[in-house]
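See structure below.
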Amino acid sequence: MHAISSAAPAPSVRLPFYRQLYFQVVFAIIIGVLLGHFQPEYGAAMKPFGDAFIKLIKMIIAPVIFLTIVTGIASMSHLSAVGRVFGKAMAYFLTFSTLALVVGLVVANVMQPGTGMHINVAELDQTAVKGYVSKSHEMTLTGFALDIIPKTLISPFVGDNILQVLLVAVLFGVSLAMVGDAGKPILDFLDGLTKPVFKLVNIVMKAAPIGAFGAMAFTIGKFGLGSLVNLAELVLTFYITSAVFVLVVLGAVARACGFSVLKLIRYLKAELLLVLGTSSSESALPSLMEKMEKAGCAKSVVGLVVPTGYSFNLDGTNIYMTLAALFIAQATDTHLTLGHQIALLLVAMLSSKGAAGVTGAGFITLAATLAVVPEVPVAGMALILGVDRFMSECRSLTNFIGNAVATVVVSRWENALDADRLHRVLDGEAEFLPEPERAVEPVVLARHRA
């Protein structure tokens, strides 16, 4: 086992509230909203701060994923565990992604948020959505599969394709495990490199309030507070549906696995506020991986489930896609039969797998879905373009919580979860616990040989 052992540190003193990240992010968001509302020109000019923070996060995502996966897989006693963890994760993703699509479809049929608008498609300004539609044409299933394979071993680290990094990391980790003792020096080096990389994550996260401020000031300055209430019924329906999905559906699976989804949300409050401020679940990916390990999830499970979930487990995006598609159909008086809705569901199941956890990806994925389902006019997307930016925040929050729950659940299924540590961390004792060993527990994972 390649772990960094250390004595348990003395109990630390709880930081004052104003030094805690979640308070700083909340304060920054409020200041951003006020600046964007009262000085919209200055607010819109704050966009570079948000963009800069997102770039900083993207800078560290690739090394965090690579090191976590490689050291986790290479430390496993049996490589069959890799395939087993991946298989269980994909089974979870498929089940709950489909359930999220169905929930959005059912809610849209029951609430009918677009009924009564009687929009004439010919009168809509289609130029605003042309860019999204053109991008959606590139999102074919074959193109998505081929895009996972990088041109070189180095190219994933200079791009922003998480799945390419994941593929290279898995292959390298498996190769390192197969060479046995000959690969031990490399594994020791990568193990040692993990600690400063996660320290770098902590340093970058200190800039989170600045990034949240810039992103929120730009949003309000650009679109105005009035856009928050525009098409209020659709937005409200989406927010309520997502909240019910998290509390009821994810809450039920969490209870079945012995933990509380509300306590998990409280534990991740700083990351959730960051996601809220930036409208990108990707902005908190490195921090999520670190916190899931601290909560008792095995390193190998975290390394496989979290990055994969960012493309295959997007509950919020799935709810949004079917809900928004039916809203457009209702608003344009387009009648969809049960067969049409089932076809929409099947297409969305495929197209949603290519959505990344970045701002605007959900809208592009919706365009890709509607392009394949001719019954719903793609031009109708102009109806929701104005409020999509604010729905993006809810999508990202739901996606983020869904991946956090998935990580704990798959760890539990693998018997690779320190349940006692999880409960203590979720009860607020995280800062009084020693750091978990950075390496995966290969003995625990090996209990379930295929």
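Using the three backbone atoms N, Cα and C, a Cβ is placed for every residue, glycine included.
The transmembrane segment annotation in Swiss-Prot covers 25-45, 56-76, 90-110, 162-182, 200-220, 234-254, 319-339, 367-387.
Same-chain residues lying 6 or more positions outside the transmembrane segment (90-110) and placing a CB less than 8 Å from one of its CB atoms are 237, 241, 244-245, 249-250, 253, 308-309, 312-316, 318-323, 325-327, 330, 341, 344-345, 348-349, 352-353, 402, 406, 409-410. Counting only same-chain residues 6+ beyond the ends of the transmembrane segment (162-182), those with a CB under 8 A from a CB of the stretch are 61-62, 65-66, 68-76, 79, 82, 147-150, 153, 155-156, 282, 303-304, 307-308, 310-311, 356. Non-local neighbours of the transmembrane segment (319-339) in the same chain are 100-105, 107-109, 112-115, 117-121, 234, 237-238, 241-242, 245, 345, 348, 351-352, 362, 365-366, 369-370, 373, 375-377, 380-381, 383-384, 391, 394-395, 398; each lies 6+ residues outside the stretch with a CB under 8 Å from one of its CB atoms.
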